[in-house]
């Protein structure tokens, strides 16, 4: 809404495409829609159409992700809260599998593994009979105290996964030009590592 110069808009689009190509994205093939959300909200028909064009481009260009619904259930816990009179709710995005009301799950990580039953599944304030991979849900857990489950743990189908405290990994450190560090690592530097919904401090 601040730019109405067609040549300038074309120049910006070219720069965006060049930047995408520089980082190995298909810059020449990616759809670019120039518009104004503000103008659309103000009721300008031309810019309302731009929003529709953008949504159509998203539908046409971005493939629908395949859900891992046939694998054992697992959901990293993002947040935990208590509902008076109902119990403890763990929220997160189901990473794989399905969970149905009445099924057992294990709470894994941080502490000793424990088992509980999911007595309710809710998504966007709607009660569901089940949830599957890709759904953001709240799972009501039977007989679990608020302090017994925390962000960073996972809910998983019984016996499907085991916790680990050691593993081997390969690390790629972003350069300064890539938006990463501009100073080297030294002995005893304590970086923060992020795994799904948890973070752990390490020592170099």
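Each residue, glycine too, has its Cβ placed from N, Cα and C.
Annotated features in TrEMBL:
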DOMAIN    87-156  domain 'Translation elongation factor EFTu-like'
DOMAIN    160-202  domain 'Translation elongation factor EFTu/EF1A C-terminal'
Secondary structure content, the domain 'Translation elongation factor EFTu/EF1A C-terminal' (160-202) (per DSSP, counts of residues): 3 helix, 8 strand, 32 coil
The domain 'Translation elongation factor EFTu-like' (87-156) - residue tally per DSSP class, helix then strand then coil: 3 helix, 45 strand, 22 coil
Arithmetic mean of per-residue pLDDT over the domain 'Translation elongation factor EFTu-like' (87-156): 93
